[in-house]
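Copied over from Swiss-Prot:
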type	residues	note
REGION	1-27	region 'Disordered'
TRANSMEM	36-56	transmembrane segment
DOMAIN	100-316	domain 'ABC transmembrane type-1'
TRANSMEM	104-124	transmembrane segment
TRANSMEM	134-154	transmembrane segment
TRANSMEM	188-208	transmembrane segment
TRANSMEM	247-267	transmembrane segment
TRANSMEM	297-317	transmembrane segment
Amino acid sequence: MTVQTERPPSGPSDVRKADGGGTGGTRARAASRAGALAPYLLLLPAAAATVLLLGWPLVKDGLLSFQNLNMAQLIQHVTEWTGFDNYKEVLTGEDFWRVTVRSIIFTAVNVVLTMVVGGLIGLLLARLGRVMRFVLMIGLVLAWAMPVVAATTVYQWLFAQRFGVVNWVLDKLGWHSMADFSWTGSQFSTFFVVTVLIVWMSVPFVAINLYAATTTIPDELYEAAALDGAGMWRSFTSVTLPFLRPFLYATTFLEVIWIFKAFVQVYTFNGGGPDRLTEILPVYAYIEGVGNQHYGMGAAIAVLTILILLGLTAYYLRIVLKQEEDEL
């Protein structure tokens, strides 16, 4: 009988063989490290561009908010650091809080209208035939793709006091008092037109997203609900709504951000008038900073606007997460 015993390594070459090939193992580890770093290297250009285009303006705005920077200091290239004086002046004034409440109400009304109208159109798209769905989606995409300034200009023409189409139609329908009505003459009428404009531009995004969400719902679930005797409303609440809920959360979150900072529509339509009664926070920051040449004050208002928006979104996300935990 022959007994074979394992011979211990006798030299460096045997040690390298026992370690798994020496150079081959080192190359494998190096390749593994390179593979782990590859995603970060690919993300580096995008991250650098984000920091350059978004991070630096935020830092610059934050620095300006601690300075007394008016036209005199700007011409003389003088930097006057004032600490939190700009924030104290803004927070102790009535205008900021009045504009803040107005901005929150304005955002809430527009978001609710946008989500309701967009949700109904999205559900309608799911039930239309192919041709009608295609035509409606073309119209939605065209409305969504129109530049904001161009859309605002069109609405200025539509609601013009003397030659506007809206006043002409209302006059022909019997409302003769509207023939020469000024839509920019009061706070309510101005906000009404701006709200119609914002909802008109925001609905396509909501409708198309919700329609896309309905295409992910299996038909078997509706068939099972019908076999259980569920009607249209029960099928919607038991089958459709649970699938749409994540899309509704995400879409609402985005709409809150976009509408809260709707500067172009409000400022282009009437410049925050009449008598600055339709100013929301972005318009208020621009008028104080650029219009009145109080650049430090405008920067402080902009920083506070960002903080308020972060607070609103954090509160909304907290509600969403709590609802998801309750469902689990």
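Glycine is treated like the rest: Cβ placed from N, Cα and C.
Most Cβ pairs under 8 Å with the transmembrane segment (188-208) belong to 134-154, among the candidate stretches 36-56, 134-154, 247-267, 297-317. Taking Cβ pairs closer than 8 Å, the transmembrane segment (297-317) reaches residues 58, 61-62, 64-65, 67, 69, 86-87, 89-91, 96, 100, 103-104, 107, 252-253, 256-257, 260-261, 281-282, 284-286, 288-290 in its own chain, all 6 or more past its ends. When Cβ-Cβ distances below 8 Å are used as the criterion, the transmembrane segment (247-267) is approached by residues 103, 106-107, 110-111, 114-115, 118-119, 148-149, 151-152, 194, 197-198, 201-202, 205-206, 209-210, 212-213, 278-283, 286, 305, 309, 312-313, 316-317, 320 of the same chain, each at least six residues removed from its ends.
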